Each structure stands twice: as structure tokens, then as C-alpha cells.
Amino acid sequence: MARMGLAGAAGRWWGLALGLTAFFLPGTHTQVVQVNDSMYGFIGTDVVLHCSFANPLPSVKITQVTWQKASNGSKQNMAIYNPTMGVSVLPPYEKRVEFLRPSFIDGTIRLSGLELEDEGMYICEFATFPTGNRESQLNLTVMAKPTNWIEGTRAVLRARKGQDDKVLVATCTSANGKPPSAVSWETRLKGEAEYQEIRNPNGTVTVISRYRLVPSREAHRQSLACIVNYHLDRFRESLTLNVQYEPEVTIEGFDGNWYLQRTDVKLTCKADANPPATEYHWTTLNGSLPKGVEAQNRTLFFRGPITYSLAGTYICEATNPIGTRSGQVEVNITEFPYTPTPEHGRRAGQMPTAIIGGVAGSVLLVLIVVGGIIVALRRRRHTFKGDYSTKKHVYGNGYSKAGIPQHHPPMAQNLQYPDDSDDEKKAGPLGGSSYEEEEEEEGGGGGERKVGGPHPKYDEDAKRPYFTVDEAEARQDGYGDRTLGYQYDPEQLDLAENMVSQNDGSFISKKEWYV
């Protein structure tokens, strides 16, 4: 009804707009009959058909308002309003049609108790003088809400081994709808649906959907819902399937820890069946039950302490009206009880161990890397820079105090190297030396020695901190009876040849040198 009212309001505004357009546009002084283009209503409800007349010419006189229905190319009068004769409603509408506000400009009527036969084209006509009749048409659609329901099959659904044929399990019906409904199914079942439409003589449509599937134990107690969508309405109704099937048998009670002298143990036969199992039968794979074992319906009791004789395969057969099925369990007997460690306990114990192991491994890896770096730096610092040539060992510059043993001079911060060395450079002190040098005065003194600064004669030699063995021997012959820092001694030479100079100023034996 709210939607019909909204459509009617839209029609009135549309008609008013047309009337104003006809009135204000130059040259358009035609009379306009305003109606809704289309209307709809449901069977049994009321519908209002709007009609009004826009008369831009005051000189035009309205004499009558008439409602007609088009039927098979002809017009059938329904209701008439005449200012002189009043309102007249013709059969079969005399009890169903009324003018709401009868006047020269408003011919709106109400049609009550809609029937399917009311659907069609309606005409609103205004008789005017002297311009003649003016009319407009509207289309009325009558809708029928369907009746919906779902029903399960009356046949008994039975699941049988090897069955492949689908059977009807439910039917969903949406009857006497106009227009027809949309029917669907909502379920987890793996079936299929088929649809059928039946057009009734009165113009309505009945939609029927049938759902089929292969009966199975899994389909038992599953929900099957029928969904009907019609216009703005949604219908949903469901049912629960009842499928009969043979027993599905399992045996409970054996926990894998049956040991000698254990007591109070039993086996229970569980049968999933529809209808429920009514009979249980216990046996063993060898035939009869062992001594001390007693069957009571679906329970098997073990009397007394457990012995090795109770080991074996136990079978339970369950029977219902559909059939008989069996299940079995193998019982093993151990000498001593077994207490398994809970899974969560093992996991909890493993977690700290894994964490500690990871941390320890990381620390060890860091220590190894740091140690490797330190060792590499030490080796690089003490790497041997000399050579094993016996011709170029370091002995000093050949100058020292007479009678004072030669000492290795300290290293200077700034270093220079001999120009005549073609091998790797050997470091030596820069500048002059602090050694005492002697000089003979020319022309007097008879060999008198003076102690003072270095003689110019020795400046060049003093700048050379090192000499080779050959150079040292030559210089010894040249200086005669001068006192040299180097005294040729085969034992000392042998000792010197076995010594190696290091960058930090120390000497080590070749026999002890290593990298």
C-alpha cells in the first residue's frame, strides 16, 4: 500500500508538471487529463486510480467525468460523475468503485477488493464544451501472492550398500503466484533439484521444485530448506531428513595398556544405527569367548585379573531392522604397565632445551669469530719481513766506543732505508748517531785522540746504519787498527747468521722463528 501511494503521488506531480507546461508555453492552450501511467495491487486489496483535469481556458465548461475499462477493443463504462445527475456506478462495480472527491477537475476513484479480472487498461475521460472530450489511459496490474510450503517424502528413506539411484526426499511448492515465484534450496546435502511451472486458468502460476539424493548415513539428520523469493518477500521453511541405515560398529575400552594382573577392564560395543540396534553378539576371531569373559548385551566384562589367555581379536555384531554389521578390536597383553609421557609435557620440556641450546650455540659462534680475528691480527703483526741471505745480515754501522760491546740501537719513530738495498727495506735510525768518534789532528800530537763530534770524513758512513758482511770486512781492512763496533769472530758470525731481525727491534733465532 505504501508503494501504491508513492506511485500515486508521483503520478500527481507528473500530471501537474504537464499541466503547467501546457499552460505557460506559448501557443499550447490544450486541456490535459492527468493520470498515473501504471498502477499495481494485490488480490483482495484496494487501489486508488488518480485522475485530474488541467483547464487553462476559463471559457471551457466540463459537463461529465467518466471511467471506462478497455476490453477486447471496446470500452465498458464503470462509473460516471455528472454535475446534474450525480454519481453513477455500473455493474459489476457498483459495490467496489467510488469517487473520492468528485468535481469538475478531480475524477479520482477507489477500486476495492481487487480481483484478477480487474487487470487491464483504464480510461479517464472529461467531456468539455465546446472543445469536446479529453482522456488519458493507465494500466492496472493485479498481483497474486503465492502460497508456499515444503513437505518431505512419505516413503521411508533407507541407505543401502551399493545404492546409486537418487530418490525424492522433499518437495517445495509456491502455488498461485502472479508473477511466478523464484524457488531454490539451501542445504549441505549433495543432491539435485528439478523445477516445474504450472499456469493456472485464472492467470496465476504454481512453481514446484523436487529435491532428490542418494540416501546415506551422512544425510541422516541433515537440514534441507526451501527458499521462495516473490516481489519483496522471502519465504524460508526447512525440514530434517530421516534416513534409515545399518549399524556402524566400533569397540571402545582397550587403551593399549592391558598388563598382567590388571583388573576392572571391559569392552563396549558402540553401534551408530537408525533405527537403533536391538541385538548385540560377542565372539572372538577363534570362535568362543575365553574363560573369565562375560557378555552382557553390548558390554563385554573381563572377570578377575588379566592373563595372557585373554589376548586376541574380539568381534561385536550389532543388528537393527535394516541389517547387521560388525566391528573388531585386537587386545594385546603386556607383562608390565606402560605409562606414556603426556605429549604436552614432552613439548614443554623440549622448549627450554631448544632455547638454551640456541643461546649457547650463538655465544660459542661469537667467541670463535672473535678468537679468529685476534689470532689473525697477531699473526699479521709478527709476520717475518726479512730474508735468509747470509750476505746481508745486519751488524751495525761499524762504529762504537773502543772496548765497549756493540748494542743494538733503539728504533726511531721516523725511518730511512739504504739506497743500495734491492731487497725488502730494513728500518734504521735517522740523523746522526751518539757514538763517540775519534779524529787524529794533522801535524801534531803523535796520535793523540780527541773526543768530540763526528768527523766529516765519517758523515756519509754514519748515515748508513747497516752494512753487509762483505762491506764490513772491506771496511775493517781499510781502517787498520781502529776499534770497530764489529769484531770479526767466526763464532759470532755463526751466531749472527742464525739470528733474524724483527720490526720491533728484537732478534730471534731462525730455528725458533715461525709464522
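Using N, Cα and C of the backbone, Cβ positions are placed for all residues, glycine too.
Here the structure is a predicted model, which means the values were calculated and not measured.
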Swiss-Prot annotation (region 'Interaction with FGFR') - matching range among 282-299, 336-353: 282-299
In Swiss-Prot, the member of SER136, SER434 to which phosphoserine is assigned: SER434
Swiss-Prot annotation, disulfide partner among CYS51, CYS226 for CYS124: CYS51
Feature phosphoserine, as given in Swiss-Prot - residue among SER103, SER174, SER400, SER509: SER509
Distance, CYS172 (disulfide bond) to ASN36 (N-linked glycosylation site) (CA atoms, angstrom): 38
Protein Cβ atoms within 10 Å of ASN72 (N-linked glycosylation site), excluding its own: 5
ASN202 (N-linked glycosylation site): secondary structure state under DSSP, collapsed to three categories: coil
Distance from CYS172 (disulfide bond) back to CYS316 (disulfide bond), taken between C-alpha atoms, in Å: 43
When distances run from the Cα of CYS226 (disulfide bond) to each of the recorded positions CYS51, ASN72, ASN139, ASN297, ASN332, the nearest one: ASN139
Candidate nearest ASN202 (N-linked glycosylation site) in space, where candidates are the recorded positions ASN139, CYS172, ASN286, ASN332 and distance is Cα-Cα: ASN139
